[in-house]
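Asks: Quick paste from TrEMBL:
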{"type": "DOMAIN", "residues": "15-489", "note": "domain 'Major facilitator superfamily (MFS) profile'"}
{"type": "TRANSMEM", "residues": "17-40", "note": "transmembrane segment"}
{"type": "TRANSMEM", "residues": "52-72", "note": "transmembrane segment"}
{"type": "TRANSMEM", "residues": "84-101", "note": "transmembrane segment"}
{"type": "TRANSMEM", "residues": "113-133", "note": "transmembrane segment"}
{"type": "TRANSMEM", "residues": "154-171", "note": "transmembrane segment"}
{"type": "TRANSMEM", "residues": "191-209", "note": "transmembrane segment"}
{"type": "TRANSMEM", "residues": "245-264", "note": "transmembrane segment"}
{"type": "TRANSMEM", "residues": "284-305", "note": "transmembrane segment"}
{"type": "TRANSMEM", "residues": "317-336", "note": "transmembrane segment"}
{"type": "TRANSMEM", "residues": "401-423", "note": "transmembrane segment"}
{"type": "TRANSMEM", "residues": "435-459", "note": "transmembrane segment"}
{"type": "TRANSMEM", "residues": "465-485", "note": "transmembrane segment"}
Amino acid sequence: DVVETQEHYKSRWRSIWIMYLTMFLSSVGFSIVIMSVWPYLQKIDPTADASFLGWIIASYSIGQMVASPLFGLWSNYRPRREPLVVSTAISVAANCLYAYVHVPHSHNKYYMLTARALVGFGAGNVAVVRSYIAGATSLTERTSAMANTSACQAVGFILGPVFQTCFTLIGEEGVTWELIRLQLNMYTTPVLFGALLGVINIVLIFAIFREHRVDDMGRQCKSINSEGEENDALDQDTEGNVDHVAVVALNVLFFVILFVFAVFETIATPLTMDMYSWTRKEAVFYNGIILSVIGIESVIVFMVVKMLSKKTGERAILHGGLLIVLVGFFILLPWGKKLPNIQWQEIKNNSIPRTVPTEMLMPFWSLQEVQLPSNHTAEPVGCPLTQSWCLNTPMVYLAQYLSSDVLIGLGYPVCNVMSYTLYSKILGPKPQGVYMGWLTASGSGARILGPVFVSQIYTHLGPRWAFSLICGVVVVSLLLLEIVYKRLIAFSVRYGRMQE
């Protein structure tokens, strides 16, 4: 029972803070260009349409889904500094590529697609980050460290668009450095700033980050990731098998959690435009504010959940978070008798607006430039007749929508951090890189499938079917949690080395 020295403790937490920074920069890399992708895409390649924008947005998650298990596997057998530096370098190079997508004379949209996919590939390092934090913290430190990691990720998603807004002051033209054909404008400067942050991150990884590992009780252990050590350097506490039933169950639960949140994000703009007759500009503005408030709410929840888990345990909090999400979507079901406003004006003009589901159900940032027929003088508002359910489905009242926003904004971060915490505790002292890679890949897959699911169901069947199916999915996940509830215990508790 060697007590950890003060020097080791400080070095261990300095390394963990570098991982927090890596997680923050990874999410900034995603969100810093989101608001400007659509106008920049139209500027560099007029042949690109809104459906191609969907592929560009999804390419980040696809890249991350592919890379996460690969970087996780790498980190199981080699010093984690290697995959961390390589992944960050890929993100830096991808951001630089994004800044030059205007240069080619054709196929510019495919260069942008490649750049965003590579940024996502680099973001696969979150599996390495979480596996390191899991191995470098004791059981009592784990929940707090995982909550901090998720909070850093959430803050990155919030601040990315803020940075983007600041860079809009440069303008569309900006300045051009002719020697290297570099344009510094409101579209390219954010990614170059992201690249600079990535370079700083690499420097800090070399300068400060060190490999550390402690067991569940906080005692210093040897690590297979340290240079010069062999795989047999692990101590006897690794003996025992991981409960793979619990592992698979948590992967499924995590998929559901990110799936329903992706649905929620995607549906926000079209739902509010259909139900409240908001214009595109109003929908982008109001939902932008709502999502920002939800982001701030999430950060607060991450901080509160650290203290709450010490009293109730992670399993109970995960159960409560799923129940809150279920109530949030149940509230969204149409109950009243009042129907949404129909785009009657279009019938009078004998010109039904061209409403393509993929355009209509893009995330809110892509709705700023959806084209209307040439004979329009004003933007049509209300529920379009191309969605037949508009004629017989009651509207979702604004109070319902806002209440749902608050509840989902509360339940989602709770489920997110508890999933990661329970997952890492179940794996215990085993190398967690590949396992964390699969968990990250599950979340990435959910972010890809969620928008596709809701675009089909909402467009053709309406909110009643869409939200009923989501409620059904959450109920099934709650039943799964009940079935595996007793198995979701820490590795050391399962083998009698610690008491729960």
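Even glycines carry a Cβ here, placed using N, Cα and C.
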Asks: Where among 191-209, 284-305, 401-423 do we find the most Cβ pairs under 8 Å to the transmembrane segment (84-101)?
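Replies: Comparing 191-209, 284-305, 401-423 against the transmembrane segment (84-101), the winner is 191-209.
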Asks: If we call contact 3 or more Cβ pairs under 8 Å (sequence gap 6 or more), are the transmembrane segment (113-133) and the transmembrane segment (245-264) touching?
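Replies: Counting Cβ pairs under 8 Å, fewer than 3, so no.
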Asks: Take a look at 52-72, 284-305, 401-423 and tell me which one has the most Cβ pairs under 8 Å to the transmembrane segment (245-264).
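Replies: Top-ranked stretch among 52-72, 284-305, 401-423: 401-423.
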Asks: Look at every Cβ pair spanning the transmembrane segment (465-485) and the transmembrane segment (284-305), keep those 6 or more apart in sequence, and say whether at least 3 of them are under 8 Å.
Replies: no
Asks: With pairs closer than 6 in sequence left out, are the transmembrane segment (317-336) and the transmembrane segment (17-40) joined by 3 or more CB pairs under 8 Å?
Replies: no
Asks: What residues elsewhere in the chain lie close to the transmembrane segment (401-423), defined as a C-beta under 8 angstroms and at least 6 residues from its ends?
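Replies: Non-local partners: 130, 142-143, 146-147, 149-150, 154, 247, 250, 253-254, 257-258, 260-261, 264, 271-272, 275, 290, 293-294, 297-298, 301-302, 305, 309, 314-315, 317-318, 320-325, 327-329, 331-332, 435-436, 439, 488.
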Asks: Could you pull the average pLDDT for the domain 'Major facilitator superfamily (MFS) profile' (15-489)?
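Replies: The average pLDDT of the model in the domain 'Major facilitator superfamily (MFS) profile' (15-489) works out to 81.
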